[in-house]
Structures are given as C-alpha cells and as structure tokens.
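Worksheet for the structure shown next.
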Amino acid sequence: MMNGVEKTNGEDIAMEEQLITPWTASVSSGYSLLRDPRHNKGLAFTVDERDAHYLRVLLPPALLTQELQEKKLMHNLRQYEVPLQRYMAMMDLQERNERLFYKLLIDNVEELLPVVYTPTVGEACQKYGSIFRRPQGLYISLKEKGKILEVLKNWPERNIQVIVVTDGERILGLGDLGCQGMGIPVGKLSLYTALGGLRPSACLPVTIDVGTNNGKLLNDEFYIGLRQRRATGQEYAELLDEFMTAVKKNYGEKVIVQFEDFANHNAFELLAKYSPTHLVFNDDIQGTASVVLAGLLAALKLVGGTLADHTFLFLGAGEAGTGIAELIALEMSKQTNAPLEETRKKIWLVDSKGLIVSSRKGSLQHFKKPWAHDHEPIKGLLDAVKAIKPTVLIGSSGVGKTFTKEVVEAMASINEKPLILALSNPTSQSECTAEEAYTWSEGRAIFASGSPFDPVEYNSRVFVPGQANNAYIFPGFGLGLVISGAIRVHDDMLLAASEALAEQVKQENLDKVLIYPPFSNIRKISANIAAKVAAKAYELGLASRLPRPKDLVKYAESCMYSPLYRSYR
C-alpha cells in the first residue's frame with residue numbers, strides 16, 4: 001500500500017517460517033490505520049508518526065503513553081459491576097487495539113483471567129447471539145461440506161501455528177450451546193498469546209457447526225448458528241475428517257489442533273483417531289489431567305508420601321475424570337516401574353450410576369472400562385468415600401453442590417489433611433465452594449478448584465484457595481510444541497509439563513497451603529513448561545526444529561510475543 005507503515009518485525013523469529021527475517025509488511029495508513037487493531041495505537045501515536053502516516057487532525061492533540069492508556073482502561077473496567085460488561089469491554093478493546101488488549105491482560109492477569117475466560121466466558125457463550133458484534137475466527141458448518149479447503153483460504157493469515165476448535169456440544173458445565181460455543185476458542189487463544197506468547201496472527205479460532213439439540217437456542221430469534229438438530233454418525237465424521245485433512249494441507253504438519261468442549265463420545269474418538277497423523281491436543285482430557293497432576297505432585301510436599309501411597313476417588317468419569325486418572329496412573333507407573341494395569345487399581349471412579357466396578361463392565365463405555373475394579377456395587381458418593389477411604393477426592397462431574405457436608409466430613413475423618421479438588425466449571429457447577437471445604441474439614445483440607453474462589457477466613461486463619469486452571473498448562477505446552485517444531489504429542493510431554501509446573505510451586509506458596517504458583521508469574525511458568533515439553537520432544541525424536549537450542553528456557557522467552565507498541569517509520 002502506498003505511503004503505508006513499513007512494519008519491520010524481528011520478533012518471534014523462531015515462530016516464523018520466513019526465508020528472510022526481519023521481514024517487512026506494508027500496512028495501512030491514515031484513517032484506515034486507526035481502524036486496524038493490529039497496528040492502531042490510538043493517542044499513543046507520536047507527532048512524527050501522525051505526520052508520516054496522515055493521522056494529523058484524525059486524533060485529538062494529546063499524546064498518551066501505553067502505560068497511561070492501560071491505567072485509564074483498567075480504571076474504566078473496574079467501574080463495571082457486571083462481569084459480562086467487563087468481558088464485552090475487553091472484546092471491544094481486542095477489536096480496536098490488539099497490543100493494548102494483551103498489555104492489559106498480561107499486566108493484570110489475576111484480575112482479568114476470570115473476565116476473558118472462566119467463569120465469565122460461560123455466560124458470554126450462553127448470550128453470544130445477543131452480544132455478537134463482529135465475527136472472530138471461522139464458522140464452518142455443514143453447508144461448507146466438500147468446500148472446507150477452499151473456504152479456509154478466506155482467512156487472511158497463512159502462517160497459523162495453533163487452531164482451537166469446538167463443536168459447542170459440551171461448553172464447560174453448561175451443555176450444548178451450538179455455534180455460540182465460539183467464545184471458548186476465542187478465549188483460549190487470547191490466553192495462548194497473553195500467557196504463552198504465541199503471536200495473535202498465528203492463532204485461529206474455529207467452530208464446527210453441525211446444529212444443536214438445545215431447543216431454547218433453536219427457538220431463539222437471535223441464535224447465530226444452524227437451526228437444526230445435531231448431525232451425528234457418518235455425516236459428522238465426514239465433516240470432521242474433511243476439516244482435519246484441509247487444515248493439515250493448508251497449514252502444514254506442525255499446526256497444533258486443540259479440541260475443545262466436544263461431548264465425551266466424540267472427544268475420545270477424535271483424539272484416538274487423529275493423534276497418530278496430526279499434532280492434536282484435547283485440553284479437556286489432557287490439559288486438565290496435566291494441571292491436576294501438577295497440583296497433586298506439589299501437594300505431596302504437604303501431605304507426604306509418593307503418588308503410589310495415595311488412593312484416589314473421582315466423582316465424574318467423563319473426559320476430564322478419565323483423562324486425569326490415566327495421567328496419574330502413568331506418572332505412578334513411571335515412578336514405581338509397576339505396570340499401568342497395577343497403578344490404575346489405586347484410582348476409583350464414580351459416575352451417575354455409582355462406583356465403577358467389574359460387575360458393570362458389560363454396560364460401560366469403552367473409556368470407563370480400565371477403571372472397573374473388583375468391589376461390591378455402591379450407589380452414592382458418600383458410601384463410596386466410606387468404603388474406599390480415599391486420601392484424594394476429585395470432582396469432574398459438571399454438577400454443582402455434590403461434595404456435601406457429609407462427604408467432606410467423611411474425608412476429614414479419614415485423613416488428617418484431606419486433598420479435595422472441585423474442578424467443574426463455571427463456579428455455579430463447582431462440586432463445593434472453598435468456604436465449604438475449609439469449614440466442613442475444620443480448616444484441614446487442601447483445596448483447589450477449577451474456577452476462582454475468594455480467600456476464606458476460618459478460625460482467624462486466611463486460606464487462599466488454589467485454582468487448577470488449564471491456563472497454567474496449555475499456553476506453555478503449545479509454546480513448547482512450536483519452539484521444538486514438534487510433529488506429534490506424546491503422553492511423556494504431558495508428564496513433563498506437570499512436573500515443570502509442580503517445580504514452580506515454592507515453599508512460600510506451600511506455607512499458605514497453595515498447591516499452584518501465583519498467576520502473576522505465568523509467563524515465566526509458561527517458558528519453563530515450554531522448555532521441558534520441547535526437551536521431551538527432542539528426546540523422543542519428535543522435534544523438527546534443528547539444531548536444538550542450548551538454553552531452551554531462554555529460547556522460549558525470546559520467542560514470546562511482546563504487547564509493547566512498535567515505533568513506525
């Protein structure tokens with residue numbers, strides 16, 4: 001473009017497959033520059049930039065630094081009392097000034113994470129049709145069948161490194177939200193950039209719209225998706241297969257495809273089907289498992305013993321429950337050299353029909369069968385706690401208020417320091433609150449949850465509940481795959497990510513009974529996770545970026561996107 005901003009960008013060299021770096025790209029000028037979120041700086045354009053790029057009189061005369069812009073916006077955000085209003089204000093900012101959006105998110109991560117992700121993103125998805133302003137990402141529906149490769153080219157970016165895709169069937173604990181599930185890929189990818197340092201332009205949110213079985217949405221005049229019942233079986237499988245084939249053809253072998261919020265039956269099948277041929281990752285199964293295992297490894301420093309010394313009881317045997325259980329069993333097997341079949345016996349699962357036991361094997365879904373152990377049938381969770389006597393209770397049921405007073409008291413009577421993880425999202429679906437866990441256990445519980453809870457005061461002591469948030473893992477995990485040029489995901493990489501996160505929990509955190517490090521250090525944490533994941537990729541022969549960098553932590557940090565404004569010539 002004539003008289004455009006020449007953008008010279010030496011950042012993220014490791015993230016670029018360019019022949020010449022730093023590369024130059026011509027971007028817009030004048031009025032259109034102010035409407036280009038990637039390059040707009042608002043009142044932070046200098047006098048020289050305003051002259052060079054035809055911005056004189058298009059802006060008020062004041063000059064603001066990025067720091068002052070950030071201060072003003074944070075002040076404005078804090079005036080909103082309704083979280084959804086903050087979410088909408090942040091989305092507006094992302095569409096107006098991308099770098100300022102990420103500067104806010106990185107500098108105020110603990111305050112803004114619950115706004116751009118869980119729990120507020122759940123409400124945003126429920127109301128997505130009403131608050132929908134500008135489309136973000138790709139909406140691929142059954143209407144695109146046979147044309148997916150062609151329509152992928154409508155997206156302006158060619159160098160995509162990570163795709164987060166959902167079909168909207170199981171959004172958090174909220175169920176089938178159809179096409180309105182797009183809030184999840186958009187939110188996840190903003191965290192890939194803010195917490196893991198991947199460039200925004202390398203991230204692509206995708207919703208696969210095969211219809212919805214949510215009658216309320218089908219009758220909603222503002223619903224933005226296909227108005228039909230969900231396609232299943234062969235029609236569904238063919239659309240997904242066409243999408244996966246097109247993605248690999250268009251973006252190459254090393255594009256990460258992260259499956260997000262698919263229903264159980266599809267989630268396991270898709271992961272098993274595409275793991276051998278694509279770089280795929282399911283955050284609900286693998287990311288959740290990795291972050292929970294990290295919390296357990298850190299908690300061992302408080303409760304003592306090794307993983308194999310503990311007995312685990314899960315409420316919920318879906319994607320998250322079985323994924324976590326399998327990773328715990330893998331880590332136990334690695335530590336003790338015992339076969340996986342043996343270590344699985346330390347882990348028990350309760351589903352909607354009761355304890356999963358051998359006598360139920362005939363009617364169980366395939367992913368539950370490894371967890372069917374010899375025991376008499378037990379109906380409820382409380383009876384299961386009394387019979388199994390677990391040291392660790394993990395909730396991944398998606399059903400709120402299921403860790404009752406009796407259940408928590410039973411855990412506290414069996415254990416000096418009961419470990420209780422209420423992982424279901426959003427907050428309304430959490431198995432119990434932090435206050436309930438601490439009060440009912442008389443302040444002895446080690447507690448973490450999926451959604452954030454405020455600190456709790458009990459018996460003159462303040463407890464700060466940890467958050468077993470996947471955002472600890474997936475951004476650093478993705479960065480590790482990118483910087484190593486990994487071509488496949490291996491379970492050992494998930495174990496490496498868990499161990500790396502557990503190592504970041506310092507004694508000062510443990511003193512507060514915190515089994516996760518503070519989010520304020522998340523970029524440093526992500527760099528350490530990325531380094532461990534990349535090291536494992538090299539060790540397993542799955543890395544394609546050669547030669548291997550000497551210092552992987554420094555290399556990871558050097559590859560991270562910076563939200564600071566660029567100077568334009």
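The backbone N, Cα and C atoms fix where each Cβ goes, glycine too.
What TrEMBL records for 94-275 is domain 'Malic enzyme N-terminal'. If you average pLDDT over the domain 'Malic enzyme N-terminal' (94-275) in this model, you get 95.
According to TrEMBL, the active site, proton donor annotation covers Tyr117.
Look at TrEMBL and you will find Arg170, Asn425, Asn469 tagged as (S)-malate binding site. The Cβ of Arg170 ((S)-malate binding site) has 23 other Cβ atoms within 10 Å, all protein chains considered.
According to TrEMBL, the feature active site, proton acceptor maps to Lys188. When Cβ atoms from all protein chains are considered, those within 10 Å of Lys188 (active site, proton acceptor) total 27, not counting its own.
Note on Glu260 (divalent metal cation binding site): other Cβ atoms within 10 Å of its Cβ, all shown chains, come to 28. The divalent metal cation binding site feature in TrEMBL is assigned to Glu260, Asp261, Asp284.
Per TrEMBL, the feature domain 'Malic enzyme NAD-binding' maps to 285-538.
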Number of Cβ atoms other than its own within 10 Å, given for Tyr117 (active site, proton donor) = 24
Inquiry  = Let me check the 10 A CB neighbour count of Asn469 ((S)-malate binding site). How many other CB atoms are there?
reply    = 26
Ask   = How big is the gap, in Å, between the Cα of Glu260 (divalent metal cation binding site) and that of Arg170 ((S)-malate binding site), rounded to a whole number?
value = 9
Ask   = Within 8 Å of the Cβ centre of Glu260, Asp261, Asp284, which other residues of the chain have their Cβ, at the recorded divalent metal cation site?
value = Thr166, Arg170, Ile171, Ile184, Phe259, Phe262, Ala267, Asn282, Asp283, Glu319
Request  = List the same-chain residues at least 6 positions away in sequence whose Cβ sits under 8 Å from the Cβ of Asp284 (divalent metal cation binding site), in sequence order, or say none.
outcome  = Phe259, Glu260, Asp261, Phe262, Ala267, Glu319, Ala320, Gly323
Query = Hey, how far is Lys188 (active site, proton acceptor) from Tyr117 (active site, proton donor), Cα to Cα, in Å?
reply = 7
Request  = Rounded to whole angstrom, what's the largest C-alpha distance between any two of Arg170, Asn425, Asn469, listed as binding (S)-malate?
outcome  = 18
